[in-house]
Every structure is written in C-alpha cells, then in structure tokens.
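A.B. asks: The feature active site, proton acceptor is assigned by TrEMBL to D378. Feature annotation from TrEMBL assigns active site, schiff-base intermediate with substrate to Y463. According to TrEMBL, the feature domain 'Copper amine oxidase N2-terminal' maps to 64-141. If you look up TrEMBL, you'll see 159-260 marked as domain 'Copper amine oxidase N3-terminal'. Residues annotated as domain 'Copper amine oxidase catalytic' in TrEMBL: 307-708. Feature annotation from TrEMBL assigns 2',4',5'-topaquinone to Y463.
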Amino acid sequence: MNIKFVITLLILSLATIVILVSVLLLGSRQKSCGHGNSASPQLKHNDQSLVFADLTPEELTEAKEYLKKKFTVEDISKADPNSNCIYSVVLQLPRKKDVLLYLDKKGPKPAREALAVVYFGNQETPEVKEYVIGPLPNPSYCNDITLKKYNRPIAYYRRPVTSKEYVQVDKYVTTKEFPKAMSFLNEVLGYDGTDSDYFGVLTSAPRGLKSGDRSTWFGIFFNTQGSGFYIHPTGLELLVNHKQLDVNQWSTEKVFYNGKYFENLNELEVQYKQGRVKVVKIKRPQPHEDFGSLKPAKSTVTDIPMQFEPQGPRYSVKNNQVLFQHWSIAFGNNANSGPRLYDLRFKGERIVYELSIQEAISVYGSNGPTGMVTRYMDGYFGIGRFVYHLVRGIDCPYFATYVDTHYLLDSDTYVRNKDSICIFELNSGLPLRRHSSALGSFYYGGLANTVLVIRSIATLGNYDYVFDFMFYQNGAIETKVHATGYISSSFYMEGGNNYGNRVGPHTLGTIHTHFINYKVDLDVGGINNSVVAHDMEFEAVKVPWSSEGQIQRTRLTKKVLENENQTAFGLHSSMPRYIQFASDKKNKWENERSYRIQMVSFAGDFLPETSPVHNAMNWAKYKLAVTKRKDEEPQSSSIYNQNDPWSPTVKFSSFINNENIKDEDLVAWITAGFLHIPHAEDIPNTVTAGNGVGFFLRPYNYFNEDPSVHSHDAVYFQPHESYNSCSTNPLACLRDTAACAPQLPEFSYNGFDNTFVAI
C-alpha cells in the first residue's frame, strides 16, 4: 500500500474525529442567558431623584474641609474628650415644599446641603453644635442651626461616644484596673495579662442614672476568635465613670461578679484571697469547644438552588433611582437612622413622599447590672453606618444588583461600604392572585407574585437587622425587618431563670424586646389627606322575608379621625382594623382614593411611664400615630437621646398635641416589634424564621380595579385554547427561554473593610 495514501487517510480520519468532537461539545454547551433590561418602557430614568441622593464622597470631603477652615478641629481618630472634632457629616434634606416645586412644577432645584455635628470639647463650656453647610459642591456658608432646631444648646455629655473614647476605656480597664486583681483574673478566668485580645468588653447604655452622668456598665466576655464573644460571659462587670474630659481622671465606681457587688477590683481581689467570693473557674473556650462558632461541622460543597433572570433584570437602577414595571423609587441610606426611600410612585403618581427607618431599640432584663440597665437606641450607634458588604447568594440573591454606600461619621475621611444595598426581583413562589374555574365555565387565570426588593443589613454589635422594602404588582408596598445574629447574654447564676433561659454552660440568654419605628409620609392623590377608620359590627335585625327569627347582620362602620389624639394608638390598645389615608379625590366608583396601613407586629410591652427613661423613646408606646407633617419634626428620635434619656433632646410624644388632621399633609409613625425570650435554638444564632415584623401599605379604592390585571406576566387560558402556545401562556416558553446558562458574576467580599468593634 502506498505510504502517502495511508498518511492521507490517517490525517482525514483524525480531522473527522476532531470535527465530530467539536460539534458534540458545541452542541451540548448551553447558550448564555440574555442581559437585556426589561424595565417598563412606560418609565424612564431622570435626574430629579438626585435631590434625595446621599452625599457623594466628594461632597462629604468638601463639607468637612470647609468646616476645618472655619474651626480649629482635630481628626476624630486622634481627638480626646477635651478636643474639638467633626463627628459626622450627612445630607441635609431640603424642605418638602421646595422639593415638590422642583419635582412637580419645574421650579428651581434646591441647593445641595450638608448637616454636620461638631464637638467643641476644648472650650470653657464644652458643647455640641450642628451646622448646615452649602451650597455643595462649592460651599459658601456654614450656619449654626442648633438653637433653632432644638430650642436649647446640646450639652456635651449627650454626645455619642467615639471609637477613640471606646479604645481609651478599653485601655483604662486593661492597664489600670485589671492589674488590681491579677490573682482573681488568672486563677478564676485564666488571664495572665499577656494576651490583649483575651477579653471582649461590651458596652451598655444609657450611661448612668440622671442627666449629666457618663458612667457605663461594661460586661467582660471571653473574646473567642472567629465567633461571637457575646455568648461567653465571664461573670465580671465594671461600672466605669468616664465623664471627666481628662482621661486620667476616669474611675471605676462599682464591680460586679457572680451575683455580688464590690466597691472596686481591689476589694474583689482581697475578698477572693480570703475565700469570701463564690467563684466559677472557667477559661476562654478553645475553637473545638466553642458552641458559638458558625463554622460548619463538615466542609462540603453543595449546589444551592438559585433564581436567575433568563432575559436579564426586569428592573433598572441609575444613580439612586430604581424603575420596576410601574414603580419608580428613590433610595438612600442615612448613616444614623439607616435605609430610606423617597418619591415612591406607581404609574407616575406619587403615593409616598418618604418611607424611612427612624430608630430601633432593645430593652433588656437580667440579674446582672450590664443587662438590667441596657436600653439600646441603635440610631445613636449608627444603623446606616453599619450596613456592610452583602454576600451574594446568602444575604441577597446571587444575581441581585449591588450598590455602595458612603458615610462620614466618627471617621477622618469618608468611608465606602461596598455592595451594602442590594436590589432584586424575587419570585415568591406564591401566586399574587389566581382562580381555577369548574363552575359555569372552565378557565384558569393567575399571576406569579414577583416583587422588587430593596435590602440592607445592619450589623449593630451582636444583632443583624435585615431591612426590606418590597413592591408588588398590585400597587402594594411591604416594609419588613428580620432579626438574626447573636443574642446578648449574661452570666448564668442563681435567679437567672427569671430573666431568660440557660443556653450554655455559663450563659443566660436574656429576655428583651425589639421595637423599630418608621416614618411614612403618604401623599395619596395629593399632599392633603384625612385618616378614615373602617371596621365591622353586628346588628340585630328581624328577618325581612319572615315574621319569625332574627339575623345578626355584619355591617361596615366608618369614622373620620379628625385630630392627632384620635390617631395615637397605644401599643396594646384596640385600633380599627382598617386605617386609611384618604384623598378627597374619587375613583370610578365614587369611593375615596385611599391607601390602607396594615401592620404585622407582635410587640412586647414598652417601658412603663414611671420609667425615668421612658420619654427618650416613647414613640414605642404607639403602634401607630398620625401627626400633621412639619419640617421642624423630621425624626422621632435623636442621636443625643441615648446618653441623656432623662431629658431627651427629641421627645416624640410632643408631636401629638391634638392638632387637626383632616385634609392636611400627614405623617404616619409606625412601630413594629417583638418580644424575644432567647432559647437553646438561638445558639449559635437567632434565625430569621418567625422573627420578621413590619407593615403593608395597600391600595384601598385607589384604583378602579386591581392594576396587576394588566401585567404582562399574567396567564389565562380556556380548554379550547392552546395552553402550550407562548402567545396564550408565557410559561410555555420557559423550556426555551430558560435553556440557558446564567453568567455568574465573580464572587467577592469586602465585608472586613471599615469594620468597627464597639465595646
């Protein structure tokens, strides 16, 4: 056989094999999913939403530099209590009437302004002041608004504790106090003084018993690396007086250990050596015995089910504006109070001007001093400051859109929290509406419940709050918060079961309440609304068609609530089941166009009015309060209330003064909450299941019909129709549209940047 022929045959055979393999490989490879943007063509982005936008890094820097030219200040990272420094810079929102003139009537764009909090510790009478700086980006004025805003100066002892002050407290405790009781610390708790990370120190608040105090109970915990030290109490607690501006004059006023109070650590040490202290000898848990670790027992790789978008996202995000079907929303994040939304519109009509978190509080109980005095006001610590990087596939769907936030608070320069807001469309797996008919005629009609979700998660020490704003195709808005993270705990000792459950060898999960307050500025069919209450009652009537018998007939009750006192509903008081913000405009059926407030909450009890700190957070005594909107009542709480709750800077109940609320611009202040009695299943973490509360804003005669009936996602077919046809049933196309491989973004995480460990 000709050798050339053989070689040629081999080459042709090899080429054929290569071609066949290539065809098979390419044929089996899935096509990539589309990335078209399917935001409603009826909606287009505009730059008007920027009137609500958070300050940019450049604006934050410009405002701070302008302040530094006006005042002699130190960087806050180096500032002692007796120094001048800039604590925070946030957006100063323009007045509502100026914004509406700009948005609705093509008026002038309001100036961009910043609100700054400045500490003046280096003067004869130390104080805190607030300034409005503008116009940005090239500021030319810096106006002191303190007296106008609060009607009094801000006492210096009300100022939030800075990171530097916490570090100084930690140094004071470890270098000045611990050496006084080294025998006790070493023999009872295994501390030899060489490991600076051996203990974690957890703050309580408020700080004292009366205005002017700055004495804080600090709980000492074992600082277990890689897990939550919050559930490893040692039983040792210190009351530190850090009121003096000279840190060298700080002192320890009391010491507590295992049910007994001591004047100081010297006394504890002496009594310990004399055998007069009942001790429980424990050491810091090793990683293999740490019941608080979140590390999986087995490292396995599993494929988690996920949702993806075959044709790309059906919403659009530009700057601070989201468009989804008929929805348009401006979003932002306040470093103090957290996530907030503005100018919420459906089909171009504004429904809500502002929807924002105001405050979150937790009130604890314990038989240890740190726990029993704790009434955390999270806005003081900075809810929006602690919204960190969200993890793809866990915190939010993998394919969500992620947005950065920036803040300047307790920092020398602006801080970027990467990917700290996520936006996504969620298929809830539940029909929004459906009906299958076998009576009269045969048909099926339904609509998948897909909602737009805007989410942030704030990690405030031990707790993580998942804040969701959800937008439905029928015009409803759901606002919800879930709690997770670690519980706070006390050392388990005699009598502990009166304040919670034992959840570890020496750990008491302490009883506490959660309350979250929202501001909802509804503008239903215009700025001016009235509050209408609907409910039911039974009426006894004779049977109309018979002389015998009686019927208990259900009938509708209706009442217009005319003043603020009538709409201040106590936490556990009775309230009409339907509360609406009603417009004087009518729908096609001559009903007042309205939006209903529907609450989902199972709050515990709030502090009794006899409590000396009640007034600092008395918004929590109302599940709903409606007030006349005022620019001088922008928030229900204040960052200064935490350190002086005995004479609060903002007292919410003063907003309620029986003013007329009929046909006025109104604000609903809504409180959702729950009682948490920690139990074994809260270890290592509290789960979100069953720990979510919030409220709905639902259209009530606002439309002429359910607007979702016009959704392109709706499905309807009858027996004579081909339900396998894409034109009849979009779901029939899924075999083709879903036969694609999603292009996964690269996984990344920056959550360990910009972190702050509070003590």
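Placed from the backbone N, Cα and C atoms, the Cβ positions cover glycine too.
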A.B. asks: Would you identify which of the active-site residues D378, Y463 has the most other C-beta atoms lying within 10 angstroms of its C-beta?
C.D. replies: D378
A.B. asks: Grab the pLDDT values for the domain 'Copper amine oxidase N3-terminal' (159-260) and give me their mean, rounded.
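C.D. replies: A mean pLDDT of 97 is what the predicted model shows over the domain 'Copper amine oxidase N3-terminal' (159-260).
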A.B. asks: Can you tell me the three-state DSSP label for Y463 (active site, schiff-base intermediate with substrate)?
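C.D. replies: Y463 (active site, schiff-base intermediate with substrate) sits in a strand per DSSP.
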A.B. asks: Tell me the residue counts in helix, strand and coil for the domain 'Copper amine oxidase N2-terminal' (64-141), as DSSP assigns them.
C.D. replies: 17 helix, 30 strand, 31 coil
A.B. asks: Quick check on the domain 'Copper amine oxidase N3-terminal' (159-260): DSSP residue counts for helix, strand, coil, in that order please.
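C.D. replies: DSSP composition of the domain 'Copper amine oxidase N3-terminal' (159-260): 33 helix, 31 strand, 38 coil.
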A.B. asks: For the C-alpha pair, I'd like the distance in angstrom between Y463 (active site, schiff-base intermediate with substrate) and the residue listed as 'active site, proton acceptor', rounded off.
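C.D. replies: Counting only the Cα atoms, the answer is 10 Å.
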